[in-house]
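K.L.:
Dumping the structure here so I can ask a few things about it.
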């Protein structure tokens, strides 16, 4: 536990030291920055803000996790599969996000990777995690409380759905200063506690290291943000949460611990579906929310969508609180079951 905390502190310090150099390089090279939604006028001032900051905290977190888990890879440790699988997913999804950002910024391709290209790469990465960790572990079921749901060969489909789904869900959440970074920290704290109670210290080290790196990133990402994480950060973080929940055998908990990401994704799906339905039925598309993902709806008019505009800090605080409460309830449920 002590070494895990040292790893977290080291990740925080290195990220804080490295990020200013990244931001300065970005500005000196006059690299194109983040594009903003015109519908949210208060965001227009952020146009040109450096993005791809996730590159820094991912590199820091991966390197420090490897150093502090070196014994896992050299001594045939029982946690080898889970540790290697989690770090592999963080790296590969980070690379996918990096390619997406790179095409948008350096080649001025607005959509980055084509949707089918991004999805194909995410599925391949998810399959590799399945073969690295899940298949060797023999896992093919979901445990929810005292209920076990046998999925057999279909468990691989669940793994792919979970990883790809939450990767993109966190990506949708990363829309205002600090929202995604702190939301993921809250989620990781919950999984860190579960990992500690289960004695999964190698996974705990990865979790605490990423928490440290994200807190270091938040120093520059809180409002007014000096840098954004980009897809390189958000896609990787979402996939990381998914594989950690799988490795700890508490997959279902991500629906609650990750309730903010679920809410953001659900808002987009509902908006699109309702718009298409009303367009077919009435000849014009109608909306449930002022704008999606949900954090933009809050910005434009609060919960009802018709009130005063919310500041980014207020939106952050509201969604962070929801995430923290949901994580606390989940921990109460999980730890009560584990300690019986």
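The backbone N, Cα and C atoms fix where each Cβ goes, and this holds for glycine too.
Grabbed the feature section from Swiss-Prot, which reads as follows:
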type	residues	note
TRANSMEM	3-23	transmembrane segment
TRANSMEM	53-73	transmembrane segment
TRANSMEM	79-99	transmembrane segment
TRANSMEM	119-139	transmembrane segment
TRANSMEM	144-164	transmembrane segment
TRANSMEM	176-196	transmembrane segment
TRANSMEM	200-220	transmembrane segment
TRANSMEM	227-247	transmembrane segment
TRANSMEM	250-270	transmembrane segment
TRANSMEM	315-335	transmembrane segment
K.L.:
State the non-local partners of the transmembrane segment (119-139) in its own chain: residues 6+ outside its ends, Cβ under 8 Å from one of its Cβ atoms.
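P.N.:
The answer is 81-82, 84-86, 88-89, 92-93, 96, 99, 113, 155-156, 159-160, 163-164, 167-168, 235, 239, 243, 246-247, 249.
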K.L.:
Using a Cβ distance cut-off of under 8 Å, indicate which of 79-99, 144-164, 227-247, 315-335 has the most pairs with the transmembrane segment (3-23).
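P.N.:
Out of the listed stretches, 227-247 contacts the transmembrane segment (3-23) most.
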K.L.:
Please work out which recorded stretch in 53-73, 200-220, 315-335 has the most C-beta pairs separated by under 8 angstroms from the transmembrane segment (227-247)?
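P.N.:
Answer, by Cβ pair count: 53-73.
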K.L.:
So which of 53-73, 79-99, 176-196, 250-270, 315-335 is most in touch with the transmembrane segment (144-164), counting Cβ pairs under 8 Å?
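P.N.:
It is 250-270 that shares the most Cβ pairs under 8 Å with the transmembrane segment (144-164).
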K.L.:
Using a Cβ distance cut-off of under 8 Å, indicate which of 53-73, 79-99, 176-196, 250-270 has the most pairs with the transmembrane segment (315-335).
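P.N.:
Selected stretch: 176-196, with the most Cβ pairs under 8 Å.
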K.L.:
If you count every Cβ pair below 8 Å, which range out of 53-73, 79-99, 250-270 shares the most with the transmembrane segment (176-196)?
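P.N.:
So the stretch in question is 250-270.
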K.L.:
Restricting to the same chain and to residues at least six past its boundaries, which positions have a Cβ under 8 Å from a Cβ of the transmembrane segment (250-270)?
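P.N.:
Residues 142-144, 158, 162, 165-166, 168-170, 172-173, 183, 187, 190-191, 194, 238, 241-242, 288-289, 292-295, 297, 319-320, 322-323, 326-327, 329-330, 334.
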